[in-house]
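For reference, the structure is listed below as structure tokens.
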């Protein structure tokens, strides 16, 4: 009898926990994805803050020349970063217990792997939580689909690119100047500016910004006035009201006369689908481009491709970009190698003795 009561008590306790996790009445929805998301994102955030402030220098290139990234070791907010895991570790899974000591783990950049892997799990679970809440509320799943674009971008630079290059040391540093360094080196090694998928991503981001600004300004300029001229137009509305707050026909007419008729939408659903799809598809393409360049399927290279009838090179902007790429490549990791591979004219001598 006692065992039966205990089983019922535990079952009801588990049932109450399940109801609480999946309840849409909570101020913040938890969800089953949230059960994983909360600890992983808290871990990533906590380790990031501690490491950004106090982590010792990391031997990123695996050549016993550690690079400082934390505030206590001479950096500021702009120059500081979580330095990627050492090239000596490569793609090995490197938790704290795999190192001989905590000092060794810090020296080899263990915090970077810890942060990136927990962050990746966290953002994937956040995307799943968006779908889960939409499902509970009877909504369509497109919010999670839109969020998949930044998830794909983060996955590309933090996971796919290091896997393709063979080491977490090639991942993007977690800091402002570290991000810029990653971008410059990426251009030098992969000519990303000449990759069509990057061009689509630029069109997606800048186009999305332009369309959002146009949409917001058109909506706020075509509000349906519910007040007198002596009162603010904002006083005529309440949050969540069923009636429309702006006149899409007026906005459509204005924009159609400003550009041409078919440049504007007269259907609200089509308009908002376009506003969502344009930047999302652009960022999807950028993430796909990073993922292909991770395996050295690089941007277009027109190096010395234009010649005259005598065989002399006619320099183009593409040649100038290539020269800039070579200059950037010889500047980075200057002590890890003597020359970049594409500047070496002969094979390296044997070191077997």
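Numbering starts at 1 and runs along the chain as displayed.
Cβ coordinates come from backbone N, Cα and C, glycine included.
The range from 29-46, 47-64 that Swiss-Prot describes as transmembrane segment is residues 29-46. Among the residue ranges 175-196, 197-218, 219-240, the one that Swiss-Prot annotates as transmembrane segment is 197-218. Listed by sequence, the residues of this chain that lie at least six past the ends of the transmembrane segment (29-46) yet keep a Cβ under 8 A from its Cβ atoms are 20-23, 114-116, 118-119, 121-123, 125-126, 128-129, 132-133, 136. Distance from the CA of residue 272 (Fe cation binding site) to the CA of residue 190 (site 'Stabilizes free radical intermediate') is 35 Å.
The recorded positions in question are 118, 190, 215, 272, and the one with the fewest Cβ neighbours inside 10 Å is 272. Spatially, by CA atoms, the binding-site residues 198, 215, 272 include one closest to residue 118 (chlorophyll a ChlzD1 binding site), and that is 198. With a cut-off of 8 Å between Cβ atoms, the residues of this chain six or more beyond the transmembrane segment (118-133) that come close are 24, 29, 31-34, 36-37, 40-41, 43-44, 47, 139, 141, 143-144, 147-148, 150-151, 154-155, 158-159. Cα spacing between residue 198 (chlorophyll a PD1 binding site) and residue 215 (Fe cation binding site): 25 Å, rounded to the nearest whole number.
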